[in-house]
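Asker: I'd like to ask some things about the structure below.
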Amino acid sequence: MGRLEQDQELRAALRATAGRKRREMYGLGVYVRGLIEFSNICKQNCMYCGIRSSNRRAQRYRLHPDEILECCKEGYELGYRTFVLQSGEDDWYTTDMLVSLIMEIKRKCPDAAVTLSIGERDNECYTRLFQAGADRFLLRHETASASLYQSLHPTMTFDNRRDRLRALKEIGYQVGAGFMVGLPGQSLEDLAEDLLYLQELDPDMIGIGPFIPHEGTPLRHEPAGSLETTLDMIALTRLIIPGALIPATTAMGTAHPYGRELALQAGANVVMPNLSPVAVRPKYTLYNGKICTGDESAQCRFCLELRIREAGFDMDMGRGDSLKRINRSTHPHV
């Protein structure tokens, strides 16, 4: 991968090849997920994260389940058919509470998919949420280097994260993993290890974004990760796992005014506009400078549609299931 940083022609060829592979697998469609950030309270203390438990300057909030449901209903009326419910690791939301919420979302929005991004819970909880109707689970592994993982997550281990991801797959979720690029102490060998781990796990969804420091963390003075290297990782991931759903993340748009468009051209095929109430969006800051915190949901949707079309792609408001799941339902013995 060191050659990529030195050879711009090779870098351009890599991204063009990944773009062709993405069009081969998914055409020009970009799947749209409605993101609802329902709590920024977190019991973990990850070194890079703005909502870490010891950040006393964070303005904490929780949405009541009725408020979350209202966000889904508004999004459904705007055409969204996937909702991503994301939070810190907040145990105030019990398993029973989440089960009831998921069932109610499925009742009100019967043809919509529900994706959870709520961190580590026990396998019984994961199973009950799946049985209630949750379709997908995002749990980024952040780094596949056990030593780097430990240094960034003082109370957590990579082995446990890996076990959780394996359990989620066995339960039946469409599973998302992913990593950050440019973490302090991260080497090119660590990034290669991330790609090898993804090849082994073979997830349905893979989120990749640059490290961006947050002022309320111990890493606040560290340099941000490279946009160019992040685009290379997206392209390599598309070629290694061709059928993956790969988002052009908000972090990419924060790192560069056209970061999401560049990610789409390098192989990404998902975007996640924010459906959270405008009043709480600025409080869910995992990193400095996060974009799109002030737009109403309808504005966000139509602004994003314009940008997607200008980048040469089409917006797809459908469920956007993993190709592996679609193929399995079409060919159940495969």
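Going from the start of the chain as shown, residues are counted 1 onward.
In case you wondered, yes, glycine gets a Cβ from its N, Cα and C as well.
Below are the features I grabbed from TrEMBL:
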DOMAIN    28-249  domain 'Radical SAM core'
BINDING   Cys42, Cys46, Cys49  [4Fe-4S] cluster binding site
BINDING   Ser117  (3R)-3-methyl-D-ornithine binding site
BINDING   Glu142, Arg161  S-adenosyl-L-methionine binding site
Asker: Residues with Cβ closer than 8 Å to the Cβ of Cys46 ([4Fe-4S] cluster binding site), same chain and 6+ apart in sequence?
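Answerer: For Cys46 ([4Fe-4S] cluster binding site), the qualifying residues are Arg52, Leu152, His153, Met156.
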Asker: According to DSSP, does Cys46 ([4Fe-4S] cluster binding site) fall in a helix, a strand, or coil?
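Answerer: Reduced to three states, the DSSP call for Cys46 ([4Fe-4S] cluster binding site) is coil.
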Asker: Given the binding-site residues Cys42, Cys49, and counting only Cβ atoms in the protein chains shown, which has the most within 10 Å of its Cβ?
Answerer: Cys49
Asker: If you draw a 10 Å sphere around the Cβ of Glu142 (S-adenosyl-L-methionine binding site), how many other Cβ atoms fall inside it, taking every protein chain shown into account?
Answerer: 24
Asker: Per residue, counting other C-beta atoms within 10 angstroms of the C-beta, which of the binding-site residues Ser117, Arg161 reaches the highest number?
Answerer: Arg161
Asker: For Glu142 (S-adenosyl-L-methionine binding site), identify the closest of the binding-site residues Cys42, Cys49, Ser117, judging by Cα separation.
Answerer: Cys49
Asker: Just to verify a number: CA distance, Cys42 ([4Fe-4S] cluster binding site) to Ser117 ((3R)-3-methyl-D-ornithine binding site), in angstrom, no decimals.
Answerer: 13
Asker: Cβ within 8 Å of the [4Fe-4S] cluster site centroid (Cys42, Cys46, Cys49 excluded): which residues?
Answerer: Gln44, Asn45, Tyr48, Gly50, Ile51, Arg52, Ser53, Gly88, Glu89, Leu286
